[in-house]
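Visitor: Mind having a look at this structure? Questions to follow.
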Amino acid sequence: MDLDAITEYSALHPKPSGLILQYGTAGFRTKAEHLDHVMFRMGLLAVLRSKQTKSTIGVMVTASHNPEEDNGVKLVDPLGEMLAPSWEEHATCLANAEEQDMPRVLMDISVKAAVNLQQDAFIVIGRDTRPTSEKLSQSVIDGVTVLEGQFHDYGLVTTPQLHYMVYCRNTSGQYGEATLEGYYQKLSKAFMELTKQTLCSEDEYRSLKVDCANGIGALKLKEMEHYVSQGLSVQLFNDGTKGKLNHLCGADFVKSHQKPPQGMEMKSNEKCCSFDGDADRIVYHYLDVDGHFHLIDGDKIATLISSFLKELLLEIGESLNIGVVQTAYANGSSTRYLEEVMKVPVYCTKTGVKHLHHKAQEFDIGVYFEANGHGTVLFSKAAETKIRQLTKELEDEKRKAAAKMLENVIDLFNQAAGDAISDMLVIEAILTLKDLTIQQWDALYMDLPNRQLKVKVADRQVISTTDAERQVVTPPGLQEAINDLVKKYKLSRAFVRPSGTEDVVRVYAEADSQVSWDGSIERICGESLIPWVVGVVVGEKRKLFQ
């Protein structure tokens, strides 16, 4: 390791004094002008991680659903998964090291992680469409090259596409071909195979309006369109030609504000969906004949998918175990429907994709979606082998057809990460095969009215939680106060948890009537949370309830 060269290059990417950042589930995210040094250092770290794992590592430059002026970076581990927790700590240490300490910190990481510095390293890099992404991506490349790592720059890709590339490269092409063409062909082939028996009928459900959040999803859907045009007609809105990234549009806006995105003309009963800025989240929505807005979020997506998978397993006659993984934000109605109607086991984890992904790996078929629309389905190697075997061995035509469908579903999901394009194609295939309208899908169960708020605080660490963030541990007495409120309302539930990224405390409440929930969430904030949390900005509380 040439420490002099690293010091020299590092001076070209100076760290702003006093800036402290933390690598979280989403990597690093902040205002783009503060990130140049972080990008350079993550290039360095990616090389060390590649040497340690003897694998290709990914670096994605994106801030997902954040405003356009933000940016961020995250590393992708060998099987397309999130960076290992111990390396998140290394990332934080390296990003925050003062200039003169940086080479020493780099050496410390190499020693702690037992990195063989003679090992070759290969990094793949991708970026979103933000104005700052290209320059920041070059800073990553500077970090990679100064440590003599090899790299391939994929340029403009969705975050899930980069995860896919990493997975492909580290499985010697068994998962797929590590090119955009390979990605499009794998997904489109599975989609067209799944839906081919229904292609002959004129089908009003086969058109879809897509809000692309003025992000990378629009570019990639345009590239993919002709691959699936026989099976699906997509009409793109907020495609980046005008309008700012994620501004008043996209999955996060639609989910948070429970209203249609700007820039998309919606007629009654038209099927619509929204991606987020880097195309790893998707939510569906429509207007009914009375003009009321209906949101179909990650909970209902998980319900549709897991119900379909369970039906296929029953048809085949295989007893593979299927589990649905949710977070505390999942609507209580979805959990009840899955457990009581579909008889599918549901498990709750802490918020954050890495927790859901990890839990989903415990099942033959693990379905995970956050309510925000981020999710996918994981198939164990044993389950995948069994299903592919059944397509060859089964003689009964109905069972064989069901096994073949399941095989195509495996290929249609991006098992490396939640992927809006992949999830969209799965959903469209299921709706077609089951002959469901978006209204019929929405009517599977009625969401309990719910509300989410955030309360600004001076120190979010005052609150700690347990039981997948559903119960408060500290400060003492807060959980009891919430319990007393919740007892007053039917089917009600509420929790508070510290944000993982900013000094706010997040509050969630649901109950069986609007009167209950409006009153309950205001009391949780106003009567319970505010007095318990030291350093609350009182003015913020007033704004929340005006």
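Each Cβ is built from the backbone N, Cα and C atoms, and glycine gets one as well.
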Visitor: With TrEMBL as the source, identify the stretch among 128-155, 240-267, 380-407 annotated coiled coil.
Guide: 380-407
Visitor: Count, for each of 51-97, 117-167, 297-435, 472-514, the Cβ pairs lying under 8 Å from the domain 'Phosphoacetylglucosamine mutase AMG1' (178-283), and report the range with the highest count.
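Guide: Out of the listed stretches, 297-435 contacts the domain 'Phosphoacetylglucosamine mutase AMG1' (178-283) most.
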Visitor: Please work out which recorded stretch in 117-167, 297-435, 472-514 has the most C-beta pairs separated by under 8 angstroms from the domain 'Alpha-D-phosphohexomutase alpha/beta/alpha' (51-97)?
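Guide: That would be 117-167.
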